[in-house]
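Straight from Swiss-Prot, the features:
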ACT_SITE  34  active site, proton acceptor
MOD_RES   34  N6-(pyridoxal phosphate)lysine
BINDING   129, 304  substrate binding site
ACT_SITE  256  active site, proton acceptor
């Protein structure tokens with residue numbers, strides 16, 4: 001009997017990448033594998049994506065792990081380098097870098113490098129998190145063009161703040177701003193991440209940057225914009241096993257704090273997974289779990305190693321039966337909505353105690 005196991009379906013990953021190529025047929029694809037491949041395993045994911053043209057990471061350590069693992073395709077450091085001491089490592093390992101600040105520009109201008117850095121200039125088009133402001137752009141571009149440490153031509157990118165909100169007018173404003181600012185630029189451009197690829201086709205430029213959708217999880221909350229609706233398949237299925245099936249009488253409480261009281265005589269299943277495995281302790285009563293092909297509600301507080309579900313009075317489930325926490329048959333987005341979080345958080349927060357099995 002297995003405890004918490006995350007099954008990673010690499011065929012689904014390949015399928016999803018091909019669907020994204022169909023969605024944006026004129027764009028090259030930078031597969032975002034930051035945060036340990038969104039919790040799916042950095043190297044395993046990268047090596048399962050022969051159709052990706054490049055990879056995106058957040059930390060230089062992630063890029064070096066890919067290089068040490070034999071990945072030779074371009075790797076982009078999406079947050080850029082953190083200090084001047086990173087620059088020799090970046091150019092030695094052929095890691096492309098975002099530049100989003102004057103401090104980074106000054107570090108490039110003063111560095112003594114053996115090779116040039118490939119730079120993606122990030123423009124703040126309205127999210128106001130990272131990026132040079134539009135009024136700074138001309139000066140920054142001129143200085144980067146004049147810098148011997150920077151490979152030419154420059155590349156350009158920005159990031160959406162509200163692309164998952166189809167009612168927002170911010171995304172169209174960002175698209176128009178970016179297209180206007182980069183008009184006439186010789187370098188390649190990238191604007192669309194997952195939501196942009198799926199809902200804002202005008203943002204599909206020379207490069208797209210799929211993240212969460214690549215793993216078969218939708219960035220949207222609307223049912224008609226589920227991953228399945230986009231013909232995407234879940235890559236991760238998180239499972240565990242029933243380790244006990246108990247008779248609980250009407251009026252009896254279950255678990256820490258007694259936050260669930262049975263309204264009838266029923267059977268409660270105990271599943272070997274908890275917040276020690278990364279399953280959120282904040283999951284409330286009623287959070288769905290899939291047991292033997294049917295949805296059953298969580299009943300009681302998630303503990304470190306276990307959680308409990310109401311199997312129903314006529315349940316035939318037995319010890320050893322599999323429970324699916326999310327994945328095939330139970331989308332992570334649905335679970336996240338019940339918990340009050342986002343699916344990104346679910347898949348990236350599993351702990352080392354969860355066995356990763358690649359299919």
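Glycine is treated like the rest: Cβ placed from N, Cα and C.
Known features from Swiss-Prot, placed on the structure.
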residue	record	Cβ neighbours (10 Å)
34	active site, proton acceptor	19
129	substrate binding site	10
256	active site, proton acceptor	12
304	substrate binding site	11
Minimum Cα separation from residue 34 (active site, proton acceptor), reported as the residue among recorded positions 129, 256, 304 that achieves it: 129
Between residue 256 (active site, proton acceptor) and residue 304 (substrate binding site): CA-CA distance (Å): 11
Cα-Cα distance linking residue 256 (active site, proton acceptor) and residue 129 (substrate binding site), given in Å to the nearest integer: 40
